[in-house]
Amino acid sequence: MVRTKRAEHPQTRRNTSSGPLSGPMDGFLSTPAGPTHEAQTPNMAPTSPISTCSSSDGTTLADIGVELERIATAMVTKDDLTHLSSKLHEAIKTEMADLKGEIKAQETRILQLEQKAQTAEDHSTATDTALKRQGALLLAMRRQLEDQDNRGRRNNIRVRGIPEPTEGGGNIEEILTPLFRIILREEAPAHIKYDRAHRALQPRLAEGTPRDIICCLHSFPLKELIMAKARPRPLWNYRGAEVSLYNDLSPLTLEARRALRPITTILREKNMPYKWDYPFSITVRHNNEWVSAR
């Protein structure tokens, strides 16, 4: 069999010469011919040296680099965080220990203050109890002294309204005896004996009001008889003067009676009889029964 030769394309003919091969990609792969040391015009802007580049505020890239190095140097590392955490832990531990000590001291002080307050409260309670007891004792002593004072005055009669002589003299007994005989009438004794008789121990009043006469009769039954006869009439006309007779009482008893004056006023308005007793008390008759209040 005879082979026929394929026709070769002029452009794809194999180059059998010793020179470099050429082909359709040579324009892309081969280096353009021409001198290699000639200056070429670049397509990009020319690059300036780093030292000559600066921003609008005058900061250069070198300055930025130095700043970055400084920041990198100042950055906290893991060891720094560990060391800082350890120091912070120790500082907190120390502060907590101090705080615990202060709290403990405050607890001790508060406990002491509470103990002192409790002691003061107990003392105050004991003092209040003692004061109440002393108050009750003082009240009992006052009532006893008042009773003794009134018992010492039980024979006394206080006569009010007899003018004082202008010359300052005059026998008090000679003034009182005719008055008592007028009050007693036929029950008057032949002789009325006085233990003492005098004006009230106070300065003479400037407006001319006479001082009371206080007389102590020797006989208590006679004194009670005179007061019983004089009680129905509040005022007696004697020697041109309006005279009244009262029991001579201690200042404490008079003060207590003045405090009960609203009650006695109501009793008189309702025609309810009452009487004063010793030690100080008031007895009221109600529904044919006597009721006492002390």
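Using the three backbone atoms N, Cα and C, a Cβ is placed for every residue, glycine included.
Bear in mind that TrEMBL entries carry predicted annotations, made automatically and left uncurated.
Pulled from TrEMBL, these are the features on record:
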COILED    89-123  coiled coil
COMPBIAS  1-11  compositional bias 'Basic and acidic residues'
COMPBIAS  38-57  compositional bias 'Polar residues'
REGION    1-57  region 'Disordered'
REGION    149-168  region 'Disordered'
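Averaged over the coiled coil (89-123), the predicted model has a pLDDT of 92. DSSP states for the region 'Disordered' (149-168), grouped as helix (H, G, I), strand (E, B) and coil, give 4 helix, 5 strand, 11 coil.
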